[in-house]
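According to Swiss-Prot, the domain 'GATase cobBQ-type' annotation covers 249-448. Positions annotated as active site, nucleophile by Swiss-Prot, on the basis of sequence analysis: Cys330. Feature annotation from Swiss-Prot assigns active site to His440; the stated evidence is sequence analysis.
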Amino acid sequence: MAKPIMIQGTMSNAGKSLLTAGLCRIFTQDGYRVAPFKSQNMALNSYITTDGSEMGRAQVVQAEAAGKAPDVRMNPILLKPTSEKGSQVILGGKPIGNMTTTEYYAHKHNLLPHIKRAYESLSQENDIIVIEGAGSPAEINLKRDDFVNMGLAKMLKAPVLIAGDIDRGGVFASLYGTVMLFDEDERKHVKGTIINKFRGDVEILKPGLDMLCDLIHVPVVGVVPYLHVDIDDEDSLSERFSKKGPLGLIDIAVIKLPRISNFTDFNALEHIECASVRYVSGTNELGNPDLIIIPGSKNTMGDLKWMRENGLEVCIKKHAAKNKPVFGICGGYQMLCENLGDPYGVEHGGEMKGMGLLKSTTVFEKEKTRTRVMGTFSKVGGIFNGLSGKTFEGYEIHMGYTASEEGNEGDSSLSNLAEISGNEKPDGMQKGNVYGTYVHGVFDNDEILSEIAAALMKEKGLEYEKHTFFNLKEYKEKQYNLLADALRECLDMEYIYKVIEEGIENGNNETNGY
């Protein structure tokens, strides 16, 4: 059976996901069989495994760092918010329905056996399990039915390291307050703290670290600097969205929908050296981009209504009327249609007018499509005609289908897909310079990136030599190794290994982590 180590954080975005990924890579480099585990993740960023199961992207990253194929056992429960008060509940990789917060808390005790089975199964195949907590472990109103933080640590007898984000301020208060709010049986699990996202001279910080240790009787395992590694990380979402910089020769605007999902679709675009990728949420931010992308959404009708009310829909239509390209992915593709129907109340229920840029209709259904695909672009028209015949890989996660309207002669399918099952089907639609697809990950292909860059540069009268940008797999491996190297420099790994070996019975909390 595997030995556990758990990373908790004083708050959301404290850096738990990245620290977990880094430890997974370190332990793997050191020759151990390693797997990540997060009992419950709440995120709009998800991934489809080879067997069609859906799981959180953070655990996919951690699995890759551990050299493992993503496995839904690593994230048995995924909550995908559909509104301010409700989420779609994914259990064991499959949706079991939408629930309000109240309904979920009434139901969650039924989920505990699924968590135990998933963990025990992983434990039999690995030497170390790196567990990630969720949010803050000191939410005293949620302790009774907790199975994501200290409730899980107690169930699995896991030692805990608690991370605090010093970049946002108040790290000593948050670490002290978190530990002091723990019950006595919870405190015995806490074997160290980590100061995360530090900028500056550690020497100036040391007096505070000593005082913190004296107050909570828990050692500081390390001070982690603000790391600049390019890893698909839930915690970096707000930073990615707010990043400002000069416009590139190519200006790509991604609409920052309120319920944007699978934002990792656009990470690869940031590797086009002559391009800038901006996330915009208002007409005052849109400007005059060369390409507008409407991303996936967990609530297509709600986010279309939001765009309609804030004026972005009109701006996108004007952009398309100038024969400038618009690309919709999944929910964004659905918004481009003439009509949207929701006969089963999957989202809002009823019918809604779409943007009308593609002559098609979307109908939401109860069953969710979840599959990995291989695709080949059809004969593509418009600015991106160079994509014709190019191949790609990706995955589908959506409710319902989109069909061309009767008598429509102007639009055609964008690509042909082959599912893992062997089933083949057309996907997406195109008309002029408006394109839509259900496939996530369509840009994660070097040849496709080069074609898109060349087309946009040519449209502006600029020369562009098609070339290789990067090998995505090799690039990710390099980033995971950089993360591991950085953590080895600043964490007391000898102490962490000792904690893993001795578990919660370890009473000698001596470390020189800073």
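Note that Cβ sites are derived from N, Cα and C of the backbone, with glycine treated the same way.
Across the residues of the domain 'GATase cobBQ-type' (249-448), the predicted structure has a mean pLDDT of 94. Here the C-alpha separation of Cys330 (active site, nucleophile) and His440 (active site) works out to 7 Å.
Secondary structure at the residue listed as 'active site', taken from DSSP and collapsed to helix, strand or coil, is strand.
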